[in-house]
């Protein structure tokens with residue numbers, strides 16, 4: 001009854017107007033699942049490969065080759081298989097691809113099918129996706145990391161760090177957390193406008209003002225939290241995504257906006273200084289993706305009191321994560337489904353992290369769609385944190401709105417992670 005009878009891949013557009021893959025999966029019993037694949041702007045060198053067409057069409061960014069793989073080879077290989085056997089389906093696609101990084105068929109093709117299969121199986125079981133994937137204990141609503149100021153590769157301004165986020169840990173519920181974040185977001189907009197800054201929003205819905213440094217951005221955020229009626233370091237904390245690989249050159253960290261170049265040890269000390277001055281509870285990619293010594297220095301310095309998240313470092317890859325665990329590097333993994341390219345491998349990465357007492361943060365990409373799958377996966381894995389952009393742009397709000405629905409569905413079972421995510 002849950003055999004796959006049809007798979008339809010198509011090329012659609014993401015939130016940046018670039019092509020991406022969408023997949024429909026139909027089952028024998030009439031059940032249906034649809035998934036759209038996200039895409040990143042700053043990508044790690046060790047990520048699974050997103051297949052693009054090249055040439056002049058869509059300026060080389062078309063995904064017709066990946067769509068053809070979905071409608072051709074992949075359907076031929078998994079048509080007739082039971083949608084409830086996720087691991088078998090994913091493994092069949094890995095073997096069909098035959099490369100270590102999914103570069104032949106494309107991680108975008110494989111992931112689209114993988115997620116759509118899970119959604120179809122959930123519908124066949126009469127369960128919401130979070131319950132189907134997570135089982136009866138899926139009940140924890142994540143603390144949002146809300147990206148309200150953008151720099152780096154996500155903005156055309158002098159700020160070197162890529163994202164400045166707020167985390168409403170003092171909320172009682174996810175719904176309250178979204179409200180608190182929205183209030184701070186709109187307060188920040190007024191503060192920026194009053195000081196003559198641009199308030200246009202970037203790829204992820206955050207503002208990209210012409211501020212010169214990380215401290216300048218953090219000072220604005222502190223003022224906005226207070227003006228919105230909340231207490232920094234009590235109701236609301238701050239998280240950073242440095243995306244340090246983007247400015248790591250010849251073994252040094254070149255902070256052009258701040259006019260200085262730092263050795264890895266000095267970069268670690270600078271981040272420790274910021275974490276001491278501001279209520280920063282999470283730093284993502286504080287060091288470059290292959291600067292393992294720098295990561296170790298940063299972890300030794302503040303890993304006992306600050307969440308240190310590996311994004312480009314781990315790329316949702318359990319093998320790289322295990323290397324980091326052995327070396328005592330970082331203490332958290334950012335989980336992006338398209339970095340690894342399948343649902344089963346994504347779940348394995350979260351499980352590997354939790355077994356080692358590392359935290360996991362479910363994450364969007366800068367190129368998103370209205371697909372809200374990651375909201376369900378955050379609850380399914382009880383990971384307790386989600387990074388899905390600002391309080392603007394419907395591609396970001398789709399995830400927050402889905403979390404509000406899930407919290408409502410769970411009723412008294414629902415628990416907001418809140419302060420439980422804090423270290424030290």
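Each residue, glycine too, has its Cβ placed from N, Cα and C.
Marked as active site, proton donor by Swiss-Prot: 204. Marked as active site, proton acceptor by Swiss-Prot on the basis of sequence analysis: 336. Marked as (2R)-2-phosphoglycerate binding site by Swiss-Prot: 162, 336, 365, 366, 387. The feature Mg(2+) binding site is assigned by Swiss-Prot to 241, 284, 311, with sequence analysis given as support.
Annotation: 204, 336 are the recorded positions among 204, 241, 284, 311, 336 whose CA atoms are within 10 angstroms of the CA of residue 365 ((2R)-2-phosphoglycerate binding site). A Cβ within 8 Å of the Cβ centre of 241, 284, 311, the residues given for Mg(2+), is found for these other residues of the same chain: 162, 163, 240, 242, 243, 283, 285, 309, 312, 334, 387. Comparing CA positions across the recorded positions 204, 241, 284, 311, 336, the one lying closest to residue 162 ((2R)-2-phosphoglycerate binding site) turns out to be 241.
Annotation: 162 carries the greatest number of neighbouring Cβ atoms among the binding-site residues 162, 366 [cut-off 10 Å, Cβ to Cβ].
Residue 284 (Mg(2+) binding site) sits 13 Å from the residue listed as 'active site, proton acceptor', taking the CA atoms of both as reference points.
Spatial neighbours are here defined as Cα atoms within 10 angstroms of one another, and by that definition the neighbours of the residue listed as 'active site, proton donor' among the recorded positions 241, 311, 336, 366 are 366. Here the CA atom of residue 387 ((2R)-2-phosphoglycerate binding site) lies 11 Å from the CA atom of residue 241 (Mg(2+) binding site). Around the Cβ of residue 204 (active site, proton donor), the number of neighbouring Cβ atoms within 10 Å comes to 29. Other Cβ atoms within 10 Å of the Cβ of residue 336 (active site, proton acceptor), summed over all protein chains shown, number 25. Once the Cα atoms of 162, 336, 365, 366, 387, the listed binders of (2R)-2-phosphoglycerate, are compared pairwise, the greatest separation found is 17 Å. For residue 387 ((2R)-2-phosphoglycerate binding site), the same-chain residues 6+ apart in sequence whose C-beta sits under 8 angstroms from its C-beta are 144, 145, 147, 165, 334, 361, 362, 363, 364.
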